[in-house]
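A short write-up of the structure that comes next.
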Amino acid sequence: MQRVNGTPLTPVSFILNGVPGLEDKHIWISLPFCSMYIVAMVGNCGLLYLIRYEETLHRPMYFFLAMLSFTDVVMCTSTLPNTLGIFWFNLKEIDFNACLTQMFFIHTFTGMESGVLMLMALDRYVAICYPLRYATILTNPIIANAGFITFMRGVILVIPFSFLTKRLPFCQGNVIPHTYCDHMSVAKISCGNVKINAVYGLMVALLIGGFDIFCITVSYTMILRAVLKLSSADARQKAFGTCTSHICAIVFSYTPAFFSFFAHRFGGHKVPHSLHIIMANIYLLLPPTMNPIVYGVKTKQIWDCVIRLFSGSKDIKSHGI
């Protein structure tokens with residue numbers, strides 16, 4: 001281990017301090033977090049099961065939903081077990097390399113979440129604007145390639161976070177005022193120059209989030225134009241209805257993300273640090289919790305499959321795993 005005047009430059013481990021200022025309320029904070037995590041795991045694993053085994057759901061829209069559910073499972077699992085360990089058992093220590101690994105998974109799959117939402121917007125655009133060519137445009141190889149490219153985009157852009165963090169000297173301590181290893185939360189406790197980390201982090205946010213939001217906006221602009229040209233009110237309502245679940249997913253995903261982004265950069269000391277940390281956790285928990293609920297309630301095909309499953313119908317295919 002490198003040292004300067006006896007102080008380690010690269011610590012063996014970090015100490016995750018939970019929610020600063022609310023340490024005595026960790027147990028109470030953990031209750032809604034744990035409840036949301038259970039709902040997220042049950043809901044998303046249930047969706048993955050239905051989409052895998054129910055042949056009526058073997059369509060592009062549901063394949064993209066399966067990608068979203070898998071992403072949600074990984075995203076919240078990369079942080080919540082560790083966070084609950086801090087809240088319940090005071091397990092605050094995390095190995096340096098484990099911290100970098102957690103950082104990689106968090107940022108890769110938050111980027112994947114944004115990318116899948118963008119792909120789902122394009123799916124709705126093709127379904128509404130080119131309904132007769134829908135099946136020929138969104139073939140299974142196209143869907144698989146789109147998902148793979150979206151995943152690799154996140155991997156390629158996030159990998160430098162680990163190298164940028166590893167180069168930093170940590171001579172002022174190893175206590176991170178957070179519940180998980182976020183890139184800038186780790187970088188800010190360094191005694192080195194973190195300007196490159198901050199600039200690169202902002203660049204990645206713009207390349208992923210900015211690009212995806214632009215594509216979503218363009219897709220829904222084209223969808224709106226196409227729907228308003230329909231002569232039948234019922235046809236317009238039905239077309240908009242197919243987008244409702246996806247719009248809700250966008251709101252649940254981007255609202256806490258925008259709050260965290262703008263609060264960090266423009267909130268200054270007006271927003272308590274404890275609120276920053278809570279919102280950062282909600283950003284990773286709210287979409288995985290709400291997405292299966294929204295799609296389960298709003299999507300008739302999924303609702304029908306759930307009813308058949310719990311009513312003991314044999315329509316759900318019993319293939320071996």
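Including glycine, each Cβ sits where the backbone N, Cα and C put it.
Positions annotated as transmembrane segment by TrEMBL: 27-50, 62-80, 100-122, 142-164, 202-227, 239-263, 275-294. The domain 'G-protein coupled receptors family 1 profile' feature in TrEMBL is assigned to 43-295.
Long-range contacts of the transmembrane segment (202-227) within the same chain: residues 107, 111, 114-115, 117-118, 121-122, 124-125, 128-129, 153-154, 157-158, 161, 236, 239-240, 243, 250, 254, 257, 261, each at least 6 residues beyond the stretch ends and with a Cβ under 8 Å from a Cβ of the stretch. Beyond the transmembrane segment (100-122), the same-chain residues lying 6 or more positions past its ends with a Cβ under 8 Å from any Cβ of the stretch are 61, 64-65, 67-68, 71-72, 74-75, 78-79, 82, 94, 146-147, 150-151, 153-155, 157-159, 161-162, 165-166, 180-183, 186, 204, 208-209, 211-212, 215-216, 219-220, 246, 249-250, 253, 257, 283-284, 287.
On the 0 to 100 pLDDT scale, the domain 'G-protein coupled receptors family 1 profile' (43-295) averages 92 in the predicted structure.
Same-chain residues lying 6 or more positions outside the transmembrane segment (62-80) and placing a CB less than 8 Å from one of its CB atoms are 33-34, 37, 40-41, 44-45, 47-48, 51-52, 102, 105-106, 109-110, 112-113, 116-117, 119-120, 123, 140, 143, 147, 179-180, 249, 281, 284-285, 287-288, 291-292, 295, 301-302.
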